[in-house]
Amino acid sequence: MQVPVGSRLVLALAFVLVWGSSVQGYPARRARYQWVRCKPNGFFANCIEEKGPQFDLIDESNNIGPPMNNPVLMEGPSKDFISNYDDYGSGSGSGSGSGSGSGSGSGSGFLGDMEWEYQPTDESNIVYFNYKPFDRILTEQNQDQPEDDFII
């Protein structure tokens with residue numbers, strides 16, 4: 001039995017389209033670095049797009065191992081962790097500055113508050129931070145004033 005030429009063409013075209021759509025394509029093996037260099041001049045950016053030479057990419061599909069294959073990640077936390085928390089906020093120094101303003105208080109500020117809120121706890125030679133703030137004792141002067149005394 002003879003198959004018409006038109007049917008063969010349609011069959012071949014359908015085969016090529018189906019087979020071609022299932023192929024994902026070959027990944028790119030060549031790459032090029034690109035960057036933008038700008039020299040601002042007043043209100044203008046004066047940018048130039050530059051391209052580096054092309055180079056071959058290495059095949060990284062074989063370099064990817066199973067999850068958690070890295071022995072450093074599997075060890076867990078280090079046993080010889082040294083905390084610099086004891087040195088935090090201590091020391092001496094000098095400085096200069098200028099400004100104007102007025103205020104009152106005992107001098108406790110941001111660093112003192114941080115030391116109250118983040119107290120280290122030592123469990124089996126590993127330093128963890130307890131992020132639950134302690135109850136603060138507000139014994140400083142002018143801390144417990146009612147809102148009626150505020151001047152807006």
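Just so it is clear, glycine is given a Cβ too, placed from its N, Cα and C backbone atoms.
Copied over from Swiss-Prot, here are the features:
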- 90-110: compositional bias 'Gly residues' (COMPBIAS)
- Cys38-Cys47: disulfide bond (DISULFID)
- Ser92: O-linked glycosylation site (CARBOHYD)
- Ser94: O-linked glycosylation site (CARBOHYD)
- Ser98: O-linked glycosylation site (CARBOHYD)
- Ser100: O-linked glycosylation site (CARBOHYD)
- Ser102: O-linked glycosylation site (CARBOHYD)
- Ser104: O-linked glycosylation site (CARBOHYD)
- Ser106: O-linked glycosylation site (CARBOHYD)
- Ser108: O-linked glycosylation site (CARBOHYD)
- 66-115: region 'Disordered' (REGION)
- 89-108: region '10 X 2 AA tandem repeats of G-S' (REGION)
- 1-25: signal peptide (SIGNAL)
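Confidence annotation: the region '10 X 2 AA tandem repeats of G-S' (89-108) carries a mean pLDDT of 50 in the model. The number of other CB atoms found within 10 A of the CB of Cys47 (disulfide bond), across every protein chain shown, is 11. Using a 10 Å Cβ-Cβ cutoff, Cys38 (disulfide bond) registers 10 neighbours.
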